[in-house]
Each structure stands twice: as structure tokens, then as C-alpha cells.
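Peer 1: Residues annotated as compositional bias 'Acidic residues' in TrEMBL: 514-523. Residues or ranges marked as domain 'Major facilitator superfamily (MFS) profile' in TrEMBL: 24-508. Annotated region 'Disordered' per TrEMBL: 512-537, in sequence order. What TrEMBL records for 20-49, 69-88, 100-119, 163-190, 213-232, 296-314, 344-366, 373-392, 404-428, 440-464, 484-503 is transmembrane segment.
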Amino acid sequence: MAREQLGVLNALDAAKTQLYHFTAIVIAGMGFFTDAYDLFCISLVTKLLGRIYYHVDGAPKPGTLPPNVAAAVNGVALVGTLVGQLFFGWLGDKMGRKKVYGLTLILMVVCSIASGLSFGSSAKGVIATLCFFRFWLGFGIGGDYPLSATIMSEYANKKTRGAFIAAVFAMQGFGILGGGIVGLIVSAAFDHAYKAPAYSVDAAASTVPQADYVWRIILMVGAIPAALTYYWRMKMPETARFTALVAKNAKQAAADMSKVLNMDLEAEEDKVIKMSTDRTNSFGLFSREFLKRHGLHLLGTTTTWFLLDIAFYSQNLFQKDIFSAIGWIPKAASMNAIHEVYKIARAQTLIALCSTVPGYWFTVALIDIMGRFAIQLMGFFFMTVFMFALAIPYHHWTLEPNRIGFVIMYSLTFFFANFGPNATTFVVPAEIFPARLRSTCHGISAAAGKAGAIVGAFGFLYAAQSTDPAKTDAGYPPGIGVRYSLIMLGVINFFGMLFTLLVPESKGKSLEELTGENGDENDEKQIQMDPSRTVPI
């Protein structure tokens, strides 16, 4: 028979939605707003960096970052994020969620400012310092993934837990939108204040000296939302699940949650002692017991996040082609440097407003109705369908009368990524692993996703190059072309569907029900053979 749940955890599971839930969403969500802003704002300014630091006198086109430099500038933060997810995920289970939570935010604030202050007397010096600070910025961002997800899952009630965790993640959409809006404001202000001709009219004068401030300001603004929430992060009490189940401090857990819930809770020390001596609550990450109980779960969460991020991040490959095709971004030579930033920011803002943000909030609204499994499977299915629909008749979509159809298909792929696995892969790892390993396992799953992002952003950057050497981007070798790259992405999304079958449905259950932390071995066995799962373990 299962033992009775701890009173403090029962109170959290049964709590009605109230102010502290929304406070937690805002505090954790502003971290994600900052994460998305910092990770995606670099795409607004890479072309400007090329114009400023890699200008070649007499060249027919404006200067661009060489392939290795572009890869470093765009990718170094992703590498830092991957390392940060693993490190802070592990640290969150060792030291507690709250203690580590402030560290990640300080790192993000300091490195956002330092990225904008990148110094050096040469292009190499500026880019090297920028990459150094972007790595450590990514390291801090990486910590926010497992900690925000774990804190929100451990604070939420079981009825609306999925919506609360998804709402934290959905702040990414506003971060991407915020980046676009800041880019629009800064570039418009500088373009108005410092008039410059197009590159084709006067190459040297098209990049005014003040353009160097534009990218620095855009990068540094990312420090503001993170700094504003630091005080509130430090005021949040440690989660009761960490305090009771990991730190074994029943008194502190009851005291903390009594304040949060505005009710008197009993400190059940005897229950905590019994639970701590139970072998079902003591196995480690690298034990045979973990492999037996959660091995397939971890395989499911890591592979689906890895496969999703290959597809999600590689979608940026053909953004520039789409934006250019429909006239959102004119040819580089027809604009001055700052105006080009404005056009790119406008395109990012429109995509975020019409596709990215709505997709996230569809998930928030429906995740506790449809369930995680159904939304993830549906998202991967439609991403597969739209990738193949873009790829197979690719020549058809390149013809001018059909380009609007291509943009609609492309937007729907983004929409179903966000109303689908991009949200659920974040939610599920925060629910299905034991409290003492929850942050670590979420960090491992998220790091697998960032490994996919690196493959998607850079592997496919080379793969999508034309097979004709004369048509490749400057400095790149021939690839397999956009059409075959899209076919590969369709196949990757199909495998995402298959690996989703390894992930359990967690809708409507308490965290301890899902992990067996308040029950005996028979109770755990029953959970593993839950009929709501598609594939029994």
C-alpha cells in the first residue's frame, strides 16, 4: 500500500490558483524572457558586425562575418548554455534551487553588460572578447532552464501545473519579441539621428561610426529585465519538495509553505525520516535502480528535445531567403548599415508576433486539457507534414506567385513547434523524475536539446548550401541544398514522434505519484505500468 503523502505537499497539490502562483510565474518567467532576448538578439546584429569589422574597400557587397567567425559569434552562447544546464542542474539538486537561482541571474546581468562593452583595437580583439562574454552569458542562461522548470513544478498545484510551467517557458516568446522591438527602437533612433547613404551609393559612408553603439546597446539591454527580478528571486523561499524530500527538514518546509499558502501546516518529521530511510528514495542517477525505473523516461526526454532543437534552430537557415523573397529585407547593398538592422528586427518582430508567441500560449491554455503526450505528438506530426510539404515541391515554392504560401507553411511549422514539443519537452522533465534528481535530469534533457541546437544551427548551415559552388554563401563549401535539408528535417521530426512514445503522461498527477516517492515498491510498479502510457516500461 502507498504511504500517505506529506501534508505540506498535499497542501501544495490541492491549493487553488492564487497570487503566489502568478508571482512565481513572473519571477521565473522574467529569467526566460531574458534568456530568449540574450540568445536571439545576436541574430539582429551579426550583419552589422560584418559591415563594421569586415568591410573591404571596393567590394560590391557589404562586409560579412567569415563562416568561422559567424559560427563562433552565433554558437558560443549555445555551447555555454549546454555546459550551464548540466552544471547548474546538478548544483540545484545538491545546494537547493533557491541558492543557485540567484547565481545564474547575476551571471546573466554581468555578462549581458560585458558583451556590449566588448573591447579591442582590432576586429579579432572585439570578436574574441564578445565570444568570451557570450559563452559565460550562455552558461548563466543554461542554469535558468532546470532551475526555473523545477521551481515552478514544485510550487504548482497538480491540476494546473502544466500550464504554469508552460507559462514560464512561454515568456521566451515575449523575449524574442522584446529583442525585435528593442532592435527597432534603437536602429530607428540612430538611423534618424545619423543619416547615411545606401552601400551602393557610397560604401564607406553607409556605415557611420555611431553604428558601433547600436549593437552594443541592443546586447546590453538584456541585463535590465534580469536585474529587475533579482530581489524577488532572493525573497522566494526554497521549494518545500527540496526542503522536505532532499534536505530532510520538515520544520523548515512547513514554515516556508505556511507563509506562502497563508495556512498553518504541521511539520511531519516522523514521515520525512521514514521516507529518507526507504530504499525507493535513495537510488542515484547512475544506479541500476534508476535505469530500471527512469532509464526509458530519460532516453525519451533527451532524444525528443535533441531532435526538436535540430529542427527548431535550423529553421533560421531559410529565414533570410523568405524575408528577402517577400521584400521584408531588401538586398544588403541597397541599405545603409543601421537601416539593415531595422529591417531584420522588423522581420523578427512580425514572425514572433504572428507565429511564435501565439504557439506558446496555445500550449499554456490546452496542456492540462489535452495532456503533454498528445500536444507533443501532434506538434511533431504537423512539423513533419509541413517540412515535407515545403521540401518535396520546393521548386514550386521558389516561384514568385507561390512565395506567400511558402511563408504561411513556414509560419505554421514555427507555430506547431511552439504549440507542441518546444513547450512540452521543457515541461515533462520537471515532473517525472524524483525530487533529489529532478533538476539534474532536467539539465541533462535540456543539454541534449542544446546539442541538437548546435547541430541544427551549424551542421545544417553547411548542409543547406547549394550543390553549385558558384551559388554558395561566401566562404562555404557546397552542400546538399535547401530541398534535401528540409527532407532531412522532416525525417528528424518523424523520429521525434517515435521517441515521444517513451515519455509518460503526467497530467493531473502529483509529482510524488509520478515518481513513487511517497509509496512502496508495489506502488511504483503500478505507476510504471500506468495504462495512460502508450508504451509500458
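Each position is counted from 1, following the chain as shown.
From the backbone N, Cα and C atoms, a Cβ is placed for every residue, glycine too.
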Peer 1: What residues elsewhere in the chain lie close to the transmembrane segment (440-464), defined as a C-beta under 8 angstroms and at least 6 residues from its ends?
Peer 2: 71, 74-75, 78-79, 81-83, 85-90, 92-93, 142, 145-146, 149-150, 285, 294, 298, 301-303, 305-314, 316-318, 425-426, 429-430, 433, 476-477, 479-482, 484-485, 488-489
Peer 1: Which one of these stretches, 100-119, 213-232, 296-314, 344-366, 373-392, has the most C-beta pairs shorter than 8 Å to the transmembrane segment (69-88)?
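Peer 2: Out of the listed stretches, 100-119 contacts the transmembrane segment (69-88) most.
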Peer 1: Can you see whether the transmembrane segment (296-314) and the transmembrane segment (484-503) are touching - at least 3 CB pairs under 8 angstroms, only pairs 6 or more apart in sequence?
Peer 2: yes
Peer 1: Contact between the transmembrane segment (404-428) and the transmembrane segment (163-190) is defined here as three or more C-beta pairs under 8 Å separated by at least 6 residues; is that satisfied?
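Peer 2: Per Cβ check, the transmembrane segment (163-190) touches the transmembrane segment (404-428).
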Peer 1: Thinking of Cβ pairs under 8 Å, which stretch from 100-119, 213-232, 344-366, 373-392, 404-428 has the most of them with the transmembrane segment (20-49)?
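Peer 2: Maximum Cβ contact count belongs to 213-232.
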Peer 1: State, in range form, which of 100-119, 373-392, 404-428 has the highest count of Cβ pairs under 8 Å to the transmembrane segment (344-366).
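Peer 2: So the stretch in question is 404-428.
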Peer 1: Limited to the domain 'Major facilitator superfamily (MFS) profile' (24-508), I'd like the whole-number average of pLDDT.
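Peer 2: A mean pLDDT of 88 is what the model gives the domain 'Major facilitator superfamily (MFS) profile' (24-508).
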